[in-house]
Amino acid sequence: MKEILLPRVRTSRWLAVGWQGLSILMALLFTTLVLLLTGAPPLEAYRQVLEGAFGSLKRATDILVAWVPLMLVTSGLLLTFTAGLWNIGVEGQIVLGAIATTGVVRALQHTDLPPPIILVLALLAGMAGGAAWAGLVGLLKVYGGVHEIFGGLGLNFVATTLILWLIFGPWKRPGIGSMSGTEPFPERLMFPTLPGLRLSPWALGMALLSVALVYVLLRNTYFGLRLKAIGKNLRAAHLLGVPTTRYLFLALLGCGAMAGLAGSIQVTAVYHRLIPPISSGYGYLGLLVAMLANYRVTWSVPVAFFFAALNIGSIQLPITLKLDSTLSGVMQGALVLFVLLMQGVRARWQAKTTVESDDGA
Amino acid sequence: MAPEWIMGLAGVLAAAAPLLIAVIGETFSERAGVVNLSVNGTMLLAAMAGFAVAVRTGSLELGFLTGILVGAGMALVVAFASLTLRQSQVAVGLVLALLGRDLAYFLGNPFMGVPGPRVGALPVPVLQDLPLLGPLLFRQSPLVYIAVLSVILAWIWIFRTRPGLVLRCVGERPPAAFVRGIPVTRVRYAYAVLGGAMVGFAGAAYTLDLKGGWQGPISGIDGVGWIVLAITIFGGWHPVRGAFGALLFALLQWLSLVLQPQLPGVPSQVLNVAPFPLMIFALLLTNLGSTEWVQTLLARLPESGRRLALRILRSLQVSPPAALGMAFEEE
């Protein structure tokens, strides 16, 4: 077996754009076929999604409401992806953040503490909750040899059960527990939103801050460099003296804290109570965002926005076209799948053309 | 009428049947070196599609065939993306796991709660009248017979035939297989697709037999695929040990249901989620023996205790096919 030499790729920006365009086109074609299979009018469905996302100022700001937790989760995931970890457990980390925050608010809401202090404590608790859940994944991996995909997934299901148990058990509404969630928080313990909208500038600020933090961490610090070394080759990094175990835990804890913060924000700034689907699947979606952005911080910002827009745009589909709102998930998944496939096709095509032109020379 | 506990165990066997088939499928795929992480999405999509086709056509056979085709198709995508296009198996598998689930819920929406055909029990003549064994083994759905047969056939195929030797070689030492003239990539494609087809068949079994119908997100199928992947590892990529894992799993789940009335303090949700901590625990058991801290701990134990502990841990330990998930370039 000959050693595989990487082809000398003459990258052209326009060619790259062309390949990406082709992937998007194929994903659209796939989604259109899926829509035709259900007998729904594809063009009308796409129009409804666009209308649902950008039809009014309120809807457009709703995209940002969804973008905030998605971006927080994706920022965290960029840390774990850089360290070479598949942190699927991120979904459960969001849930635990939401649970910890709700716990603190419930414990302190009848005390005399000033609301801002309670809110800050609640957010910190959320970050700690998410980090603790991520730490468990790390413990299982490092000291138990359980791959983070299985540890994380198992803990996701446990987190979902925990939230149901709390809502129908100890934290149930006076009277009877229901899927509508816990008793809403008092108004002074809700993050203020822009007048008439659901968007909280505080939440937006925290998301922007976390993106900036991860960007600087990965680009300009020794920490980021070591994390990349671990992601590229764990053994080599270890032999070179990088304390790999500590760095793996730091990446997981950082991701868990950001996911936990996302959960906190869903509770304090969006729903003002704990509801069963509090994570809205943003954890799994964050994984797709990071993959589609090719694990780059700068690209993940617009990709997360686009995915958030698809989510918001699909909310009305069950009412307007009697379609399930998981259409957004189908589009997002198809997009990532075809980008992955086209990356492979492109690499093969380039390798072939390079070899041919070398032969000719 | 057979005693109640026999009926319970017969139920355990029925619940384990699709798990068994899917575990054997994934074992084939991973033995050849292809990790198909899409199992959860594949099973959901196959369950939905199989049921939808069975409802529309009234034919159970066509329903199962659809499940098989869906599973084979998903596996083909994983194989094509990783073997031919050299993309990460984990990435493609995960994307398909998520995409399969969303597709199932999106396309399955009109079929939620719709009544459809269902596989019935197929008693084996004569044998069904055996005391105890009759009701336990021979009054089951055909699925149980297929599951048991597939375990036995998989064991014979993998360990007692020449193609099985080729399969093991491709997963352990692809270069060695290649220089002996075995088309490594083609073999990997074949077993990945075969494994996917079995996983799809198992998925369809949930809606066409075990659960009887499609209920969307509350069908109780979401998560099963991940359990299948975990049991494949727990089973050490061995069909019989994997089957044992699947049976143990179904047994523990049944026990938790039976014990529930005896434990009034434990809310029902806790028992419903029991499979997942169990999955983590099972994986923990297979790996504990090789971790550093356990070995230092063992070194401190007195001689007799250490021997026993070592023997237990070793018997649980598994080692994956050496080339699992790795690319191989044919030159």
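Cβ coordinates are placed from backbone N, Cα and C, and glycine is handled just like the others.
Features as listed in TrEMBL:
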TRANSMEM  B:6-25  transmembrane segment
TRANSMEM  B:37-56  transmembrane segment
TRANSMEM  B:62-83  transmembrane segment
TRANSMEM  B:90-108  transmembrane segment
TRANSMEM  B:142-159  transmembrane segment
TRANSMEM  B:189-208  transmembrane segment
TRANSMEM  B:214-235  transmembrane segment
TRANSMEM  B:242-259  transmembrane segment
TRANSMEM  B:279-301  transmembrane segment
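Contact between the transmembrane segment (B:142-159) and the transmembrane segment (B:214-235) is absent: fewer than three CB pairs lie under 8 Å, with pairs separated by 6 or more positions in sequence. When Cβ-Cβ distances below 8 Å are used as the criterion, the transmembrane segment (B:279-301) is approached by residues 226-227, 230-231, 233-234, 236, 245, 309-310, 313-314, 316-318 of the same chain, each at least six residues removed from its ends. Nonlocal intrachain contacts for the transmembrane segment (B:37-56), taken as residues 6+ away from its ends with a CB within less than 8 angstroms of a stretch CB, comprise 22, 26, 62-68, 70-71, 74-75, 77-78, 89-90, 92-94, 96-101, 103-105, 107-108, 111, 114, 116-117, 196, 199-204, 206-208, 213-214, 219, 221-226, 228-229. Within the chain, the transmembrane segment (B:242-259) has long-range Cβ neighbours (under 8 A, six or more residues past its boundaries) at 8-9, 11-13, 15-16, 19-20, 23-24, 27, 151, 227, 231-232, 234-236, 271, 274-275, 278, 282.
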